Amino acid sequence: MLLYFGGVKNGLGLLALRRVYLLSRSAHTSPQTLEYRPIKKVMVANRGEIAIRVFRACTELGIRTVAVYSEQDTGQMHRQKADEAYLIGKGLPPVTAYLHIPDIIKVAKENNVDAIHPGYGFLSERSDFAQACEEAGVRFIGPSPEVVRKMGDKVEARALAIQAGVPVVPGTDAPISSLQEAQEFAKTYGFPIIFKAAYGGGGRGMRVVRECEVCVCVCVRVGYENAGTVEFLVDKHGKHYFIEVNSRLQVEHTVTEEITDVDLVHAQLRVCEGRSLPELGLKQDKIKINGCAIQCRVTTEDPARGFQPDTGRIEVFRSAEGMGIRLDSASAFQGALISPHYDSLLVKVIASGKDLPTAASKMLRALAEFRIRGVKTNIPFLQNVLSNHQFLYSTVDTQFIDENQDLFNLKRAQNRAQKLLHYLGHVMVNGPTTPIPVKAKPSSTDPVIPSLPMGEPPAGFREVLLKEGPEGFARAVRQHQGLLLMDTTLRDAHQSLLATRVRTHDLKKIAPYVAHNFSNLFSLENWGGATFDVAMRFLYECPWRRLQELRALIPNVPFQMLLRGANAVGYTNYPDNAVFKFCEVAKENGMDIFRVFDSLNYLPNMLLGMEAAGSAGGVVEAAISYTGDVSDPMRQKYSLEYYIQLAEELVKAGTHILSIKDMAGLLKPEPSRLLITALRDRFPDMPIHVHTHDTAGAGVAAMLACAEAGADIVDVAVDSMAGMTSQPSMGALVACTKGTKHDTGISLEKVFDYSEYWEVTRGLYAPFDCTATMKSGNADVYENEIPGGQYTNLHFQAHSMGLGNKFKEVKKAYAEANRLLGDLIKVTPSSKIVGDLAQFMVQNSLSRADVEERADELSFPLSVVEFLQGHIGIPHGGFPEPFRSKVLKSLPRVEGRPGASLPAMDFKKLEADLRMAHGSEITPEDVMSAAMYPKVFNEFKEFRRNFGPVDRLNTRLFLDGPKIAEEFEVELERGKTLHIKALALGDLNKAGQREVFFELNGQLRSVLVKDTVAMKEMHFHPKALKDVRGQVGVKQGQKVEKGQPLCVLSAMKMETVVNSPLSGTVAKVHVKADSSLEGDDLILEITE
């Protein structure tokens, strides 16, 4: 008998498992009686990795090989590795096919097979199979049928061990047949107890009662031929206790082979031919253990879900290699389909070294080299085990996993490259993922980044802020000689002109140039407002990451953001602690100046935002939203006195800077002079900052008038991103003030270079450019008072709702809607409310008089209803009556500041919920994103989980995808660049998918993409679009009253409550939640 000791660490409780591999000739067979019968052809009655392992050994020995396979295994690698392959079990279930002895014997006889190797599992421990082979005249590579029968019966094997004097774990002498027998045994021997299947089961039948399972390894001497495995339990004192014999090759036999340098399968084959162990050079005293080996079974199992097997298509497979690594693989290759019918093994990885830590380090390196995409694997769990100090340097027992739950803190594979290929393939098949309002393609010209000087950028105003704090910074601004500029190019300019779609990718490219050449700017507005949700909702990038990256590239110029008072960066009210926490995190990430405003100039909301920004350590810039015309004696709701009184309150509250926010561009030179002169006279030491839009074309003149009247700072955008609904031209202001007391100190030549970059970059965003339909500014803004950013968004929104040809009517309706609502301050979100009502009026052909008359029965947009309820605050002059009462009827009203009554947000619970949903890599910034936009954030995380870091793609690729044969690079991070070439777009398959082929870093890759248009034509059940939601609040047969809410419709950002036009009974509901509707679709029927 020859023993091979395998170094397998896999203990239970205080007991460890040791497996002893034996290779034996019967002790009763003398060398003289052995008959040598060479084997010429071997069949392996198995599949996958073990079949391939045996085939390799046969090929090395010059033996021809035969594979068998089921109908489900036609694509498996073991079939291709054999010299011959034959189908078995036709029409049978997948596993049953490999258990069908008659078919296997038939194939063996018909194809002159000399011997059959059973592998492990399936028929390997079936004595009737060994007997069938013997009766058919085919050698069974394993023990005799009688030994297989004895060893397969665990009770009989235990009795043989006792007869041989081998210590055994206390157990029953025969299989138990009742609960009472088990209870009696437990009373005698105590716990823990193992229930084990009497006739095998690969350990799956073993069950630990109350405490833990125990396993032992020992060698048993029986009349045994060929290879096998004896398992013992070893206790903490080193005593061993017999468990069982596996009369076959063990899964872990590779460990024994590596530390003894003995090929067990070679030996099995030679012994079956009639060779003796001495003839094979195998003597017990010559068997030495050299070093240590570890085997890891890489499987398609998900450790996070209880090792549940995963199935699917392997999109990427890259294996490990190198010194000390052995791979025994199954069907592990790119394109392989992982079946749910069989074992989940992909490859066995065996690492060997001089000791356990050495072998473990090699294994860790090897596992890190694997790239398996398309299915989940257990590699992260294996890596955690191999990194565990107890596993490497201490005793591992059966409680190891239970006591080390951190093993399940799994690091998710980034899989960035393959996810990006999925995204690119999706765009190539289905078009852009972000809504495209204009049928235009991104420009094919890439912007050229202006040259930069060497070294660090010069000091700027941020140095003053960091040294002297907000108060000292404000003093420095007021004492500054000349006009200071804030550049809005990085936020409000593209929000106004390009629907807020400019990506961080393009902002980062020009950021170093700005740092080096515009250090004397007052600030850069680059964050807040609509950019926050659009970044996640449409650009699929993290707004906080944008702030962090820009801060690293521009360390010298103050950053400024737009804070919507108590609404933070959202469109609703938040608990007070959420606003405070948001400002705190923004400041930590590099924000400096907080322009705080409220859409209604509602003082309580503004004061909350100011306090939150101030307590975070930021510069507070309280902004008064401007509307009307202070120079017009006929428009006195928002008079000069109104603005001065509001400014008094803001200065009293401690603002560092006073701002006028003219969001619609209504300031003409004369009103500018009147307003700023009055503020300067009243507050001589307070820095004054003016913001406007250039929709009417008078922006430059108005800002020059403000400067003459005493303003310290005005807002501009670089020339190619200025004008129309954006801010006045930077170049124009620089040129007009040059050589005067208002000289900005900015180089006009640098402005030209800056502008050239943005002129070309703007072409990349052609699908969003307002100039697609709006060719110039329009002075009708003095009549409709539409804010600049909304002007563009309203236009696109009108097109999305089929009202593009009625935009002129929408603008007129906007003015009428404003009057209906009481002449509001119009800035997000109040401007959206007016816009929603205007589109509602145009869509339903309603005049102002119609709306007033039918206010009690119309289904108004949700934003209008919530405004009238008081959800965003109280407008100057109060709510319009009787319009408000007619719309609200019995709906509740909010009194006072809306957020004051909201309970505090539980950030710890929110973080825990996010970790549960999205994994452990949740940052404080993620928590704030989810606090502001819970649904948008979850959709963003889901998108990134599916498509990866799309923000690393250039803008043309992001929007339009690559052309066939186009080659390009994607920098994932510094030092990691993907080289990609788009190769081909496949035909439609039966599942409604197209295969898209790429070359990635010189290797062929492909992804399967659902063709959404084709799937509709193929009559697949359509999925509702994510940006179309529906909530149905009534059921068939339900009685409803006139004006009762029936459901909520949503398109883009506008939600509409559909109210019942009459009292009656719901006869039929034609929609359900998440239904996608056309303009004339019937929602439900009501009978009176």
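A Cβ is built for glycine as well, from the same backbone N, Cα and C atoms used for every other residue.
Bear in mind that TrEMBL entries carry predicted annotations, made automatically and left uncurated.
Note that the structure is a prediction, hence the values are computed from the model and not measured.
Feature list (source: TrEMBL):
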ACT_SITE  ARG248  active site
BINDING   LYS154  ATP binding site
BINDING   ARG564, THR828  substrate binding site
DOMAIN    38-406  domain 'Biotin carboxylation'
DOMAIN    483-752  domain 'Pyruvate carboxyltransferase'
MOD_RES   LYS661  N6-carboxylysine
*Round to the nearest Å and give the CA-to-CA distance linking LYS661 (N6-carboxylysine) with ARG564 (substrate binding site).*
12
*Could you tell me the mean pLDDT over the domain 'Biotin carboxylation' (38-406), as a whole number?*
83
*May I ask which residues of the same chain, at least 6 positions away in sequence, place their Cβ under 8 angstroms from the Cβ of ARG564 (substrate binding site)?*
GLY529, GLY570, PHE597, ASP598, SER599, GLY609, THR828, PRO829
*Would you please pick out, from the recorded positions ARG248, LYS661, the one with the fewest other Cβ atoms within 10 Å of its Cβ?*
LYS661
